[in-house]
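The next block holds one structure in the form of structure tokens; read it before the comments.
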Ligand code: CAA
């Protein structure tokens, strides 16, 4: 039985900041941000959006009456959840009128939890043929204004339907994964911005990739030449290039050129959105599938997921004939409608948050074009609605 990703969709805010503007404001060479980091634009997430609203805005593109009742597992992967107890998935369940008879939970392990959810969904469907799962990976990446990590912020959500006979990617049962207690990036519960040991985190990412890749080759007998393309977790797009370069010398010369070309396709959207932690690998997969001109049904794709703290997983999937039909987001329209904000506007949006003492607050949602928005806080309850 083939099991895998049947549909994918993406949502983010309708505002962005340009990385050349940010470089000028921070007295940096634009080339460092554009090439050295590999980012051209960055989603700016207003206070009227959070992981719940972005998750719902992505998920509504893949849920309809044809699959609603079959979805009895909903997993929300995030490291920027809105409540220490209640899962973001339950809010989405109400907003989208999802199946009441569903297991509905949130999972956390830095940027890795979306992959954990996907793999658990695959195993669940293998045990319960005919069922479907909804996996949401949503985050807002925040390091702080004028920090080294600022150029690697961003935010958004990817939603995936996992099912039998998937339209997009059949997942092979070949995952290799590892975890170890490492303090490269973390966010204590009292903080709204991540703590990070930047260069160390990038080194650990590469080390984990190399280790799971070597195990993968050993266990499966596959080599780099068996892959049409790779998609990486992209905290910033240069990071994936560093990962790919680790293993590129193993490939034939013409294969190296092809893999580098496919990598460019896999980072087109991430360059313009920035980091969305749990969702970044899956935005990169959407980018690859949408922008590559050379993919064919039957191609083997390799995916590397990394979550600081740290956990890494490498797995492969086989591209399915109807994959384009499973991609539900119109990125042309998404980028077209985004509004470029100045550095001063971005900083004001960044500094605006819900009161942490639980005081009531009504937010002005008139400037937010998303379907689902956060309208404020009342009696310490977040007010979500469609508008
Ligand atoms: N033109 C072209 N390139 C230039 C340049 C110029 N004018 N000036 C500098 N560069 C290059 C540098 O040579 C360097 O390239 P290499 O990495 O290939 O050597 C690159 O630009 C970056 O320069 P620096 O290393 O000097 O940049 P920095 O010290 O300001 O920090 C960073 C970069 C560590 C990534 C920082 O942005 C950061 O801490 N980001 C957050 C942490 C992060 O994303 N870690 C990734 C792994 S952890 C993870 O994956 C989980 C997650 O999502 C967070």
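For all residues, glycine too, the Cβ spot is worked out from N, Cα and C.
Unlike curated entries, TrEMBL annotations are predicted automatically.
In TrEMBL this protein carries:
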DOMAIN    4-164  domain 'Hydroxymethylglutaryl-coenzyme A synthase N-terminal'
ACT_SITE  79  active site, proton donor/acceptor
ACT_SITE  111  active site, acyl-thioester intermediate
BINDING   143, 242, 275  (3S)-3-hydroxy-3-methylglutaryl-CoA binding site
ACT_SITE  233  active site, proton donor/acceptor
DOMAIN    264-351  domain 'Hydroxymethylglutaryl-coenzyme A synthase C-terminal'
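Nearest neighbour of residue 242 ((3S)-3-hydroxy-3-methylglutaryl-CoA binding site) by Cα distance, taken over the active-site residues 79, 111, 233: 233. Cβ neighbour counts within 10 Å, taken over all protein chains shown, single out 233 as the most crowded of the recorded positions 233, 242. The (3S)-3-hydroxy-3-methylglutaryl-CoA site in the record is lined by 143, 242, 275, and its two most distant CA atoms lie 22 Å apart. DSSP assigns residue 233 (active site, proton donor/acceptor) to coil in the three-state reduction, outside any helix or strand. In the three-state DSSP classification, the residue listed as 'active site, acyl-thioester intermediate' falls within a strand. Over all protein chains present, the Cβ of residue 143 ((3S)-3-hydroxy-3-methylglutaryl-CoA binding site) has 19 other Cβ atoms lying within 10 Å. In this structure the alpha carbons, written CA, of residue 233 (active site, proton donor/acceptor) and residue 143 ((3S)-3-hydroxy-3-methylglutaryl-CoA binding site) are 18 Å apart. With the fewest other Cβ atoms inside 10 Å of its Cβ, the least crowded of the recorded positions 79, 111, 275 in this structure is 79. Restricting the recorded positions 111, 143, 275 to those with a CA within 10 Å of the CA of residue 79 (active site, proton donor/acceptor) leaves 111, listed by sequence position. In this structure the C-alpha atoms belonging to residue 111 (active site, acyl-thioester intermediate) and residue 143 ((3S)-3-hydroxy-3-methylglutaryl-CoA binding site) are separated by 14 Å.
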